[in-house]
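Beneath this line is the structure, given in structure tokens, with notes to follow.
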Amino acid sequence: MVKVYAPASSANMSVGFDVLGAAVTPVDGTLLGDVVSVEAADHFRLHNLGRFADKLPPEPRENIVYQCWERFCQALGKTIPVAMTLEKNMPIGSGLGSSACSVAAALVAMNEHCGKPLNDTRLLALMGELEGRISGSIHYDNVAPCFLGGMQLMIEENGIISQQVPGFDEWLWVLAYPGIKVSTAEARAILPAQYRRQDCIAHGRHLAGFIHACYSRQPQLAAALMKDVIAEPYRARLLPGFSQARQAVSEIGALASGISGSGPTLFALCDKPETAQRVADWLSKHYLQNQEGFVHICRLDTAGARVVG
């Protein structure tokens, strides 16, 4: 049997709409991600378990893990009979790359089970394709960091899908999921079809400056440039209490904050553990809306999807 864990990810990071994403892991050792197991069988079977298994489609063929198996078999040109188990630890529609976790874990597990017939580039292309079935368009800002780890910049030129951007070891990512769902498709539909010239210029300046600051090792500058003129001004209205939360975490001392992916999870960057804890405490009390919500203090997950058993 092969068992693969794929970590949560925070896409966009305010400054890089659809082109930046970071894999994250809680500092307390909690597994924030999905696990998929694969073993040989006489015919295909899929079993779901985990905290959020009851949120999955009841029809197996609608489950993205089934679709991963089906597409992987197509890529190899043969049917591979396996029993798969999805441990769904990630809330759906959370802005933490829930579907990317399932896709990355399923495809890496299948590839390992079959002796690695597909290279990383081919696997990543399949992940983007399958993620696109859920979000409505192919984009890699969750699957790339989830699969490869670290902070990833989407390139999509010269046969290169993404490349890693150096992160900062001192950064702590406070992630607060309020317990409500935001559809990626709905969050994309709310965005304008066209943008003002000054917003396009500001976006380019912020993103170029952020990448420069990462490579020139200027964490304060990098954090200061994490501004969103593309999505947040429009998506904030979908997130109850988001604007107040951003103001509060800034006053506590967060270096930057914004919407993780398409929301509703909020991320806040801190460079001191005590600041991160105060931010986490405030968000736990004021941003969470029900028992399904949670707050985690995280660091970059540099390993990405990996075999755990």
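In case you wondered, yes, glycine gets a Cβ from its N, Cα and C as well.
If you look up Swiss-Prot, you'll see PRO91, ILE92, GLY93, SER94, GLY95, LEU96, GLY97, SER98, SER99, ALA100, CYS101 marked as ATP binding site. In the structure as shown, the Cβ atom of GLY93 (ATP binding site) sits within 10 Å of 22 other Cβ atoms.
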Non-site residues, in chain order, whose CB comes within 8 A of the mean position of the CB atoms of PRO91, ILE92, GLY93, SER94, GLY95, LEU96, GLY97, SER98, SER99, ALA100, CYS101 at ATP: ALA8, MET90, ASN142, GLY261
SER99 (ATP binding site) - helix vs strand vs coil (DSSP): helix
Around the Cβ of GLY97 (ATP binding site), the count of other Cβ atoms that are within 10 Å: 32
